[in-house]
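Chemist: Questions regarding the structure given below will be posed in turn.
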Amino acid sequence: MTGLEGAEGHRARRRGGRRLGQIIIHCIRSLVLILTYYACSIGLTFYQKRLFRDFKFPLTVVIVHLFMKFVLAGLCRATYTLVTGIPRVMLNWDVYWRKVLPPGAAAGLDIGLSQWSLEFITVALYTMSKSTALLFILAFAIIFKLEEMSCTVVVLVVLIAGGLFLFTYKYTQFNLFGFILVITASLLSGLRWTLSQLVMQKSELALSNPIDMVYHIQPWMTVALLPLAVIMEGTAIAASEYGFKFTDSSDAMYMWGRVMFGAVLAFFMEVSLKTGFSHFHNVRNACHEIVRQSPFLLIHYFH
């Protein structure tokens, strides 16, 4: 009897050890994912703010980023197929426009309006205003039944967003147009996050891989934003020193190189964000987003 009890205890300890190992691995993966997203997102925001001092075409920058992310995702997919011989998923047209168009359009306009707003408002006001995306994320998650109405979740989200508002209230320079842009982007961000999670959770679409999701969603993001970019900046960028009227090719190449470097940061940021949908719940993702915004405020405050 003692021997049987000892064997059972040994098996229980082994199961416990495996479970502990799985938890540790999951925590490490989550930490790497979160840190990657934080680093790319924080770095990209301040990098773009500095870039826009010299390059006054934020929507053009976003269009370049979308194209570069599509190319990078395509290269990753092609490399995987070349190495493994396994083709990556390719959606048929009917599914592509019905399922991927809505989150793609919301994402494109969200990013475009967010980047445009940085031309008019400070990083602190941008951060404060973009934190309202939490409320829209919660609302859309409840509407699409990804979340159940919970007093705890509602109070948590409201307290976090309210705390950010109070923290930044006295350190912002208000611009109405920029404020409207970023609030509209926040609403679209809530819709974007929720629709993206719905798409990535549908097993029949086979878009749970973040690279595949980035590859398929970029064209719709471009389609949604391109008309606005052409109307607002098309003539100006074509007639600028970085367009057809360039006088120094080295200066023009340097500036476009800066734009493309931002695209690389944006690619890694989006891949880590899409990967987060596979690891975290929608509202957990939102809480990580708010935690990410805290360094923005500290850096801006002590800058």
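Including glycine, each Cβ sits where the backbone N, Cα and C put it.
Feature list, courtesy of TrEMBL:
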- 31-265: domain 'Sugar phosphate transporter' (DOMAIN)
- 23-47: transmembrane segment (TRANSMEM)
- 59-80: transmembrane segment (TRANSMEM)
- 123-144: transmembrane segment (TRANSMEM)
- 151-169: transmembrane segment (TRANSMEM)
- 175-195: transmembrane segment (TRANSMEM)
- 220-240: transmembrane segment (TRANSMEM)
- 252-271: transmembrane segment (TRANSMEM)
Chemist: If you count Cβ pairs under 8 Å, which stretch among 59-80, 175-195, 252-271 touches the transmembrane segment (220-240) the most?
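Modeler: The stretch with the most contacts is 59-80.
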Chemist: In the same chain, which residue numbers or ranges, 6 or more beyond the ends of the transmembrane segment (175-195), come under 8 angstroms Cβ to Cβ?
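Modeler: 102-103, 106-107, 109-111, 113-114, 116-121, 125-126, 129-141, 143-144, 146, 282, 285-286.
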